[in-house]
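Student: Got a structure for you, written out below as structure tokens; questions coming shortly.
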Amino acid sequence: MDSSKSHNLFEVYLRLRPPPPGAAASERILSVERPDERGSRASYITLNPPTDRRRAIEKFAFTQVFEEDATQLDVFHCADILPLVEGVLAPHGNEGTDAVVATLGVTGSGKTHTILGSRSQRGLTQLALDVLFRSIGPNMLDAMDLPLVLESLQSCDSSEALLASAPYYLESVFADPTQASRAASRATTPMIVRALSYVKLTTTPEMPPAQHIPCTFPDSPLHSPKSVRLVSATHAALRLKKHACNNATPKRASHKSFMSLTAVTRGKKNAKQCLKGEHSVMSPPPPRRHLQRPSTFPQMPDVAGINVSCDPSAEYVVVISMYEVHNDRIYDLLNPPSKTAASKDHHRRRPLLFKSTELSPDRKVVAGLRKVVCSSFKDAILVLEAGLQERRVAGTGSNSVSSRSHGFFCFEVKKRTRSRRVGPWTGSKLTIVDLAGSERARDAKTQGATLVEAGKINESLMYLGQCLQTQSEVGNSSKVSTVALSAEAQLTAQPNIVPYRQCKLTELLFSNSFPSSSSTNHPHAAHRNPQKGVMIVTADPLGDFNATSQILRYSALAREVTVPRIPSITATILANAPQSNTRPVSPVQHHPRPFLPPGSGSYRNHTPLSSDGRATMEIAALEIARLSDEMDQLRVEVEHQTEARMEAEAHLLSMEDRMLDLEAAIRDECATEFENRLAMELSRFKASMAVEQERSEEHWDRKVDVLERGLDAADNIHNKENVLVEDLEEEVERLRRENGVLKRELAGRSPSKRKPLEERDDFVSTSPKPEGVANLGRRLERMRVSNDSPRTTSNGSPKKVRKLAAKRWEDVDDLMQ
Ligand SMILES: Nc1ncnc2c1ncn2[C@@H]1O[C@H](COP(=O)(O)OP(=O)(O)OP(=O)(O)O)[C@@H](O)[C@H]1O
């Protein structure tokens, strides 16, 4: 079994996690084989089945095994992450090499700890980023120039991405830094710090030795950035760039509103966009999220002074994108979920496609991601933190912060030559992958959606296992093959063999591992080196035997199985027989050998059996041995069946999940359709209501007109009547007075002496003269006529008017009497 570095698609390392503090001592399921030669690294482990299980002892080979005391920096150095970083930087002016670093293991075995670290320790991601930015050093593009290069970066991006500059993105994502809090997304882990003999700290002449503690922000007060707005400095500088930006922003940037904007407003708009660092045509602003901006990050291990070479004639930027594979779908971590049409409270994330694009005909890419362009380590770490906040994690029975998706963190290093005429952007990508862990529902105590997730995770890991197994089989067989294939020929042969197209995870991990065969079909497609891969398998030596052995079987570069010779009952019998009678056993032979029941002590204490009895016993013993062998085979068969059942269950769960997804999508579609129809009907109803209302308003206007005219006429008549009534009342009053005088006179004189009133001197008439009575008669006649038709007035009902008229007639009757 040779585990030396090979032409495998992935170098596979094994890392053993230390026991959690205060964990009860339990039996180790594996042991690390010490190398014979001094100084060479351990690369084999032996998996020991628990004593109650009669299983084969398996030995696995890895590129290297990191034992429990290995630090993050040990893993960083020994897993050869530095050469990968250098390959991405392409120091010799060539194309560069993509790299993938991934972790694989049972849940809770330390994958996330290795990749992302904890609150006190940095993971491989932060270490790789730190070295990357340190190595680029002064060749990094100035932060103030980021908005100016967005357009050119966008135009050469093959994944139809939406680009934003880091300051703008971070401002939209994080809340006011005055409410800064510590990063809370990682678990606390005790830190192991050891002196490293193999770490060669280098400082290049052009790079000053680091003055500050790595991972603190140099431009903010150490440990107390609460009063500092981290983006403000950049923005102030950007403001100075406003004018230059106005001139430099390509005309296409204002294309959309060209018709509606004057030259002045267009200029203002461009300047605003420049300040924001936002590409106006293709990149809509990221929705505001207001996460808590972390103030400090872990600072250890320290990689100050460690750097690799970069291309001195080039200028660089680092473009970050992050996505996760959840239930076999790809979701952007830097683009938060948007509200659905069906429910404004429900946030739905749009899955992205992994496909070939116009600029990438020979390779598939995740299309439509949001990418953030960074020029400083500080910004890159904040972008990483923002993406991690979107990642799906859940507490399970096996791990309190368990990753429920496979997280992909991509760092594209873009570079272009720095001469008078700047060249086009080229670049390579470092992808760091934190895989979700395989788990058993029984141990993890998952249910509902988390159980479905677990089914999907297990299924994708099973496919990944198949790919890794195939690669190691291909690698091993090619080693012993008499027909020597060139390394390249082996690799080109592999796409057809490695079954990586079965799920999104394996497609994403493996599809860039092969030389682009279709570059011949696409003469303009750039030739790309196959990516380099590092897989760090994590295992808990005190963990579950079955789960760990399954992962190791999938991932090891080589495996050696030793089936222990289980002593059969016959052998036991013979071993207990006296030496003089021992003979080789054959099923067809009868052995003149005394049978000693196990544990029966010495031969002398037993009475020898007859030869017939002995033969029967031996036949029985052979039968028992045969049966026990059969049982062994059956046990192996049961194990296979159990595995197949688990896979089928996982498949079933994934199908259920797909159905749920489909149902949700159909529901969404129906809801959207319903909403559209409802909106249409509503607008139609509103339009007809408006017409109807207009019509009825017109109708009522006409009626009111008629009424008003009628009321005016009635008012006139009423006024005339009032005058008449007043006259009459006066007349009645006068007549009453006259009547009173006459009555008094009549009472005082005899009838013969009476003079007519008109002839008397003491009667002063205020009435109209003789024709007054005739007038009065005429007036009364008129009143009768007008009272014949009752009328409504503006201030009285017909009833009231009739009452008044009746009263007047009474008065007149009184008068006439
Ligand atoms: N090498 C290590 N040193 C110290 N602590 C560790 C180490 N590896 C893992 N741990 C601790 O073990 C716990 C579980 O680790 P981690 O979350 O990384 O597991 P995981 O494999 O990513 O699990 P999952 O697949 O469920 O996400 C954490 O508290 C972590 O800090």
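Glycine too: its Cβ is placed from the backbone N, Cα and C atoms.
TrEMBL does not curate its annotations; it predicts them automatically.
Pulled the feature table from TrEMBL, pasting it below:
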- GLY105, VAL106, THR107, GLY108, SER109, GLY110, LYS111, THR112: ATP binding site (BINDING)
- 617-665: coiled coil (COILED)
- 711-745: coiled coil (COILED)
- 786-797: compositional bias 'Polar residues' (COMPBIAS)
- 9-561: domain 'Kinesin motor' (DOMAIN)
- 746-817: region 'Disordered' (REGION)
Student: Might you list, by sequence position, any residue in that chain lying six or more from LYS111 (ATP binding site) with a Cβ less than 8 Å away from its Cβ?
Tutor: THR103, LEU104, GLY105, SER403, ASP434, LEU435, GLY437, ILE536, THR538
Student: Those binding-site residues, VAL106, THR107, GLY108, SER109: which ones have a Cβ sitting under 6 Å from ligand 1?
Tutor: THR107, GLY108, SER109
Student: Taking the domain 'Kinesin motor' (9-561) alone, what is its mean pLDDT?
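Tutor: A mean pLDDT of 71 is what the predicted model shows over the domain 'Kinesin motor' (9-561).
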Student: Ranking the binding-site residues GLY105, GLY110 by other Cβ atoms within 10 Å, which is at the bottom?
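Tutor: Output over binding-site residues GLY105, GLY110: least Cβ neighbours within 10 Å is GLY110.
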Student: Relative to the Cβ of SER109 (ATP binding site), which residues of the same chain, six or more apart in sequence, are found under 8 Å away?
Tutor: ARG17, GLY437, THR538, ALA539, ASP540, GLY543, THR548
Student: Using a 10 Å cut-off on CB atoms, tell me which of the binding-site residues THR107, THR112 is the least crowded.
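Tutor: Counting other Cβ atoms within 10 Å of each of the binding-site residues THR107, THR112 gives the minimum at THR107.
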Student: Can you tell me whether DSSP puts GLY105 (ATP binding site) in helix, strand or coil?
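Tutor: Strand, per DSSP.
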Student: Could you tell me which three-state DSSP class GLY110 (ATP binding site) falls into?
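Tutor: Note: GLY110 (ATP binding site) is coil by DSSP, not helix or strand.
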